[in-house]
């Protein structure tokens with residue numbers, strides 16, 4: 001009985017040991033993240049990587065202001081539609097905006113050869129200047145042909161500003177030949193057309209010659225054209241058609257034209273220079289007084305986030321497009337609430353069972369209990385290293401996704417609808433690959449982050465254990481019971497790593513011997529009890545066997561024969 005009393009007394013005294021615990025911060029955040037191995041892991045803090053807001057306006061970029069074509073299409077500007085006179089004197093732009101409505105483009109019905117390539121060429125330049133190429137006053141033809149299909153802003157018959165409709169003069173249309181040399185230091189884009197009358201009578205009426213031949217040649221092209229005469233459906237009041245062509249005349253090159261009818265001859269060309277973003281947007285957004293690094297068809301996006309889910313088509317340095325509406329990067333700790341019913345030191349588990357809501361000055365820290373009371377303090381060094389690491393992780397994700405990739409919205413004609421379909425599929429597949437890479441990267445980083453936080457707490461725990469050495473007992477739950485009296489100054493030295501274990505070595509050794517002695521007494525007591533129990537059990541069993549044997553003999557059920 002004395003042994004049990006001594007054991008109880010010493011164990012009770014052990015609960016009075018000064019104690020220091022290692023743990024981490026927890027808060028009331030409801031944020032969760034996904035990792036490679038877990039879904040919806042609670043964390044104290046996250047960074048949303050997908051930007052969703054947008055300002056519905058048009059802004060300039062570092063290359064300048066956009067060219068907003070309110071009433072004209074790009075084709076109308078290039079051909080010189082008479083209702084696009086506003087753009088005759090040349091323009092400069094960073095990108096082009098067309099409105100999603102019927103625009104003034106090709107006024108006399110017909111089609112432009114390689115139209116999408118012409119649009120792409122013009123959208124990629126920065127500015128143009130109109131240059132005179134041919135002077136038709138020297139030609140023995142009429143060069144003032146007009147059409148009601150190409151009315152000007154006064155609703156009077158007119159024609160393209162970049163070309164001349166050549167017709168007979170004095171009842172004749174002799175063969176006309178002329179040439180132009182590009183003496184400028186930039187390319188010149190020029191256009192021409194071939195007229196296809198609806199009837200032979202109109203052919204003769206306009207050009208005298210029933211069978212004509214026109215040619216346009218340079219060192220790179222050699223084109224000859226004959227009209228296809230015949231009636232066609234009425235479009236813009238016309239049964240005739242025009243096929244439109246274009247070419248690029250490089251510096252030093254010469255273009256030669258020859259015709260005896262049906263040629264819509266080039267008069268002005270466009271001297272093109274510089275490079276723009278090479279994009280054509282189509283929207284009704286208003287123009288703002290602003291400059292942006294990221295312009296989408298839907299508006300302006302100003303953000304430092306690496307991803308957006310608004311549009312895959314953009315201009316400038318925009319976040320990568322991913323279909324996902326949210327992608328969260330963990331930049332805090334695993335958010336495990338403290339066990340509430342155990343009190344501050346009832347069984348603090350630190351990094352094992354839960355965090356501390358009272359740890360507000362850092363991510364990792366200490367709680368202690370001694371004769372002076374209890375206290376909590378953050379470990380600023382490990383916290384700062386972790387915060388710096390989180391910022392590096394965020395920058396790492398941004399850098400890995402910073403390789404600019406633009407999905408260019410190629411424009412193909414109806415004839416090339418299959419190419420358009422293939423292009424769209426390729427765009428979608430590339431976008432899916434980017435989205436998969438982004439999600440996988442974030443899952444990996446989240447996994448590493450949570451693992452690193454666990455390691456940081458363990459490292460802090462190991463640091464304290466190395467400082468205390470044999471002067472404390474590791475209770476296995478993130479806490480240490482100190483085998484000597486440790487006031488607040490002593491606790492500070494443990495936290496900052498200046499603790500001198502030799503100063504308390506003797507006191508701790510004596511206390512540890514007491515603890516070990518109690519354990520020995522306890523073990524001896526248990527051994528004696530075990531022996532007593534075994535002997536008593538054996539005696540009882542032996543008595544039961546003997547009693548059964550005697551009972552059997554008395555009843556005649558057992559017969560004993562002794563042989564000598």
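Note that Cβ sites are derived from N, Cα and C of the backbone, with glycine treated the same way.
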Annotated stretch (transmembrane segment, per Swiss-Prot) among the listed ranges 510-530, 531-551 | 531-551
For residue 496 (N-linked glycosylation site), list the number of other Cβ atoms lying within 10 Å of its Cβ atom.
-> 12
Hey, does DSSP put residue 140 (N-linked glycosylation site) in a helix, a strand, or just coil?
-> coil
Counting every protein chain shown, other Cβ atoms within 10 Å of the Cβ of residue 27 (N-linked glycosylation site) number 18
Starting from the Cβ of residue 302 (N-linked glycosylation site), draw a 10 Å sphere and report how many other Cβ atoms land inside it.
-> 13
Where among the glycosylation sites 140, 152, 222, 309 do you find the Cβ with the fewest other Cβ atoms within 10 Å?
-> 222
If you tally other C-beta atoms within 10 angstroms for each of the glycosylation sites 28, 151, the top scorer is 151
Can you grab the distance from residue 27 (N-linked glycosylation site) over to residue 496 (N-linked glycosylation site)? Cα atoms, rounded to a whole Å.
-> 25
Across the topological domain 'Extracellular' (17-530), what is the average pLDDT of the model, as a whole number?
-> 85
